[in-house]
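Engineer: Got these off TrEMBL a minute ago, pasting:
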type    : residues         : note
BINDING : C355, C416, C419 : [4Fe-4S] cluster binding site
Amino acid sequence: MTSSPRTLYQKIWDDHVVKTLDDGTALIFIDRHLIHEVTTPQAFEALRLAGRKLRRPDLTLAVPDHNVPTTARVLNGVRLPIVDPMSKAQLEALVTNCAEFGVELYSIDAPEQGIVHVIGPEQGFTLPGVTMVCGDSHTATHGAFGALAFGIGTSEVEHVFATQTLLLRQSKAMEVRVTGTLGFSVSAKDVALAVCGALGSGGGAGYVIEYTGPVIEALSMEGRMTLCNMAIEAGARAGLVAPDQKTFDYVQGRPRAPKGDAWDKALAWWQTLKTDAGAVYDRVIEIDGSAIAPLVTWGTSPEDVVPITGTVPDPMSFADPSKQAAAAKSLDYMGLTPGTRMADVSVENIFIGSCTNSRIEDLRVAAAVVQGRKLAGNVRQALVVPGSGLVKRQAEAEGLDRIFIEAGFEWREPGCSMCLGMNPDQVPAGERCASTSNRNFVGRQGPGSRTHLLSPAMAAAAAVTGRLADVRELMG
Ligand SMILES: CC(C)[C@H](C(=O)O)[C@@H](O)C(=O)O
Ligand code: SF4
């Protein structure tokens, strides 16, 4: 019997259906559950009130990241207090809840602590072919391994805690094919932004995106994580890249990856995880990777992208009247005038970090630009925040911390940091930030903050020039 050709998404879905219901939804088994301090307190409390236990604590892994301070956490052997009461309460709740319900936790002091989407892959918790959830929209990151990974809300966190399943409606499958080869100093982040620009922030709604084509195949695992991380910014449920030899090499030997016979068995299955010839996607879009320039955002949605060689757009240049209005509002918030060259926009804050771009390759690329240079005089705050303790130590072993510190950057402890205004790292109102994170929403980096999303290389170029700058001119 021959089965009909299936997409990668369909294969992972089929493999996890516990029961299909009459209304078209299905109960899906969840292989991996990552948790952090922000979206779990009510879910744990609900279990407690119902007298329930966690169904599979062994498939659950916890780490604090959003609220943790990124400045020194201990001074002369004494723990420094967490000032914000809400942050403090959430961080403490994670510790007590994990102890009570038997969930393994990388504590704030653990060498492995970091951003949930950085530590999952790093520890080999993220594997090809698994279903993986977290109460966090950027769970899509793990799709880089060919895992079906997506963000869920707090009530779904509770459902997974109690049952290790979720009731889901299947998404449609979209292929985003990126052809050609990336140009000099063009990175996975530029591809991610290009996809947001091409699809728009709602264009992926109802879909799981599979990224294919020569550009994707050529990306490193870290680049694929950067790309999948932003699938949600195009509105998609998840992003996926079919696992290949690079994936297997990355996973092999990680602390939580299968070993011995279990590895051989897993590998044999993982090698089947690709879209079959003849399988049909519900939608296909193609992007010419060779034509992508280093991109920056001008507005308050990740779809608001323009090449660094471009100018601030005129709101009236958009065909859609609602986009015209949104663009005018964005420009007002961003304090930008149509026609201004992007490379003439000065920035006072630099943020290199977040689950999009805080891995070792990101730090290496940024350090290569910064090396032998200094922060521009108008830059008042420049943070490098490694994605995990392991990334931090690796960077220090390579001397990257020295390069940043000598240039005038602050070298911080791992966490979400200035990606969002939930901890002390914030962009002052009315100031701009060149940021390697994934969201430029109104107030995202603090009330009144103005965010320009870009790649690590471009953030480094902004740091040393004090404006949005074309990294190709610095490095060419
Ligand atoms: C705090 C958390 C729920 C949120 C998310 O879901 O994405 C955060 O990580 C973000 O990036 O905005
Ligand atoms: S780094 Fe930013 S985007 Fe990623 S999980 Fe933290 S807050 Fe969300």
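Each residue, glycine too, has its Cβ placed from N, Cα and C.
Any idea what these are sitting next to in the structure?
Structural biologist: The Cβ of C355 ([4Fe-4S] cluster binding site) has 27 neighbouring Cβ atoms from other residues within 10 Å, across all protein chains displayed.
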Engineer: Other residues near the [4Fe-4S] cluster site, CB within 8 A of the CB centroid of C355, C416, C419?
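Structural biologist: Everything else in range on the chain: D65, H66, I115, H117, H138, G353, S354, T356, S358, G415, S417, L420, S437, N438.
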Engineer: I want to verify one value. Collapsing DSSP to three states, which class is C416 ([4Fe-4S] cluster binding site)?
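Structural biologist: In the DSSP reduction, C416 ([4Fe-4S] cluster binding site) maps to coil.
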Engineer: Do any residues at least six apart in sequence from C419 ([4Fe-4S] cluster binding site), in the same chain, have a Cβ closer than 8 Å to its Cβ, and if so which, in order?
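Structural biologist: Looking at Cβ-Cβ distances below 8 Å from C419 ([4Fe-4S] cluster binding site), excluding near sequence neighbours, one finds F351, G353, S354, C355, S435, S437, N438, R439, R444, Q445.
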